[in-house]
Amino acid sequence: MKPGSPFIFICFRNQEDREAAIKALDGYKWKGKELSAFEAKPAPDPLVRRRKEASGTEGEPMNIKRRTVEASATSLAYLSYEQQLKQKQSEMENVLQKFGNELWSSIPTLRVFVEKQRQEHGGLPCAFEPIRPSPMQDGYRNKCEFSIGKDAQGVKRVGFRVGSYTNGFLEVEPIAHLKHIPDCMKQAVALFEEFVQSSPFEVYSAETYQGYFRQMTVRMSHATGQVMVIVGVHLQSLSETEQKDMKAAIVECLTSETGKKAGICSIHFEVIQKRQQGQYTNPIEHLYGDTHIEDTILGLTFRISPGAFFQINTPAAQLLYQCAIDVAAPDRNTSLLDICCGTGTIGLCFARHCKQVLGVDIVEQAIKDAEYNAQKNGIENCKFFAGNADDLITSLIRQANISPEQQESLIAIVDPPRAGLHIRSITQLRNARGLDKLVYVSCSPQSAIKNWIDLMRPCSKQLRGDPFVAKKAIAVDMFPHTPHTELIILFERETEKKSESVAEEATVNDVRETHEGSQLSVDV
């Protein structure tokens with residue numbers, strides 16, 4: 001449902017459910033209005049639409065510029081690294097300016113504060129330090145998900161799509177020339193591509209839903225050189241015998257001399273299927289070798305399972321986590337809440353500086369890895385919990401059991417998915433007593449702006465705790481040759497006394513500016 005639209009579109013698993021819903025909703029009276037329910041016309045298939053556009057109105061081919069895999073995967077690779085950093089610094093400044101503008105327009109009581117911050121920080125709502133460059137610019141990725149399909153000439157390929165299916169792209173192109181992929185991954189991809197081209201099993205087609213081989217995920221460790229391969233397959237109606245033969249052929253291919261030279265020591269088989277409600281990963285079967293690989297960050301060793309989240313640029317992750325530690329400035333009286341903790345990397349790196357670390361993540365296997373990582377590194381002041389952060393934050397805060405009388409403090413670090421935190425999590429963090437600092441790590445800063453604004457909103461029935469204030473931002477280049485940048489923002493709690501002084505200052509300035517005929521008005 002789009003805001004302001006009179007239509008709601010609902011998807012169903014089958015036609016029977018759809019017809020039952022139409023029968024129940026059509027003519028139903030709701031808020032004084034009568035609802036009309038009917039079967040919606042399907043949206044045009046993006047692939048068919050693109051083909052029509054390419055053929056022109058008279059059926060003749062049009063001169064449409066083909067998108068390249070370089071433009072799709074490494075759109076900044078044509079720039080020098082210094083130019084990339086300059087561009088990313090500027091883009092993050094634009095994000096912070098947008099954050100400040102939305103703060104100014106949506107929270108009138110903060111306008112004077114925002115203006116003061118802008119004057120002090122070059123037009124930005126908080127201090128912004130120079131971008132931290134990645135220690136490694138080429139071959140830095142420790143994980144890649146490669147598509148398996150066909151190129152524009154119909155040749156079977158293992159590589160990257162030049163665009164998404166929703167934009168009308170199906171073609172898969174080679175990746176051997178891309179700068180950000182390490183050589184060991186390129187070797188593994190070339191080996192498996194040969195296997196796919198000679199296999200009797202067809203590659204999967206997103207257009208027809210037929211075929212088997214769909215994805216090849218490769219993970220590697222910069223510390224050990226280990227390479228893990230996860231082959232994603234649609235089983236269709238393969239018999240048990242056919243499945244067994246397929247798995248045996250995959251292992252035989254990847255354990256050849258070429259596979260050993262690439263460092264392949266762990267092979268897994270992923271069954272790609274429609275996920276049921278509450279299912280976050282596809283079933284993965286271990287076929288050969290090590291069940292996990294290991295990598296190192298800030299002197300700690302981390303076990304990485306096939307589906308676990310781990311920062312894709314290990315050298316830059318060390319820089320990112322050290323920046324987070326520096327801005328948070330924890331001490332031995334600090335308890336840390338690690339929200340969306342994954343395999344525990346951030347929390348465990350903080351642990352040596354804290355009294356205790358409490359982490360939560362929705363992926364159960366990631367929590368198991370986090371517990372293993374704590375044990376392997378001899379860290380005893382960390383506890384990890386599997387579940388939805390929206391449901392567990394309040395419980396974690398109670399468990400932290402901080403005592404302000406003993407100078408104990410509580411810090412939260414959040415590293416959420418691209419969409420950011422749910423408002424329920426924001427509400428619980430706002431309402432947490434004793435939580436005075438929050439470090440927000442975002443891989444998609446544009447998407448995080450709403451979270452940042454909610455952290456700074458004045459108290460309300462829902463947001464009962466005192467607001468936070470953005471103090472400092474640091475950009476870290478985790479993704480050289482791409483437009484993406486990681487951004488850290490330190491938020492500190494505004495006490496009630498400070499909040500009142502800000503409001504008073506706003507009121508005084510509002511009166512002063514009104515007498516002076518200023519167009520700026522602040523509503524309090």
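Numbers here mean position along the shown chain, with the first residue as 1.
In case you wondered, yes, glycine gets a Cβ from its N, Cα and C as well.
TrEMBL does not curate its annotations; it predicts them automatically.
As the structure is a computational prediction, the values presented were derived from the model and not from experiment.
The candidate list Asp361, Asp369, Asp390, Asp454 contains one residue that TrEMBL assigns to the S-adenosyl-L-methionine site with Gln311, Asp415, namely Asp361. Region 'Disordered' is the annotation TrEMBL gives to one range among 43-62, 263-282, and that range is 43-62. Long-range neighbours of Gln311 (S-adenosyl-L-methionine binding site) (same chain, six or more residues apart, CB within less than 8 Å of its CB): Ile297, Ala317, Leu320, Thr345, Met478. Taking all protein chains in view, 25 other C-beta atoms sit within 10 angstroms of the C-beta of Asp415 (S-adenosyl-L-methionine binding site). If you measure from the Cα atom of Cys443 (active site, nucleophile) to that of Asp415 (S-adenosyl-L-methionine binding site), you get 8 Å.
Among Gln311, Asp361, Asp415, the residues given in the record as binding S-adenosyl-L-methionine, the maximal Cα to Cα distance rounds to 15 Å. Taking the recorded positions Asp361, Cys443 in turn, the residue surrounded by the fewest other Cβ atoms inside 10 Å of its Cβ turns out to be Cys443.
DSSP classifies Asp415 (S-adenosyl-L-methionine binding site) as coil under the three-state reduction.
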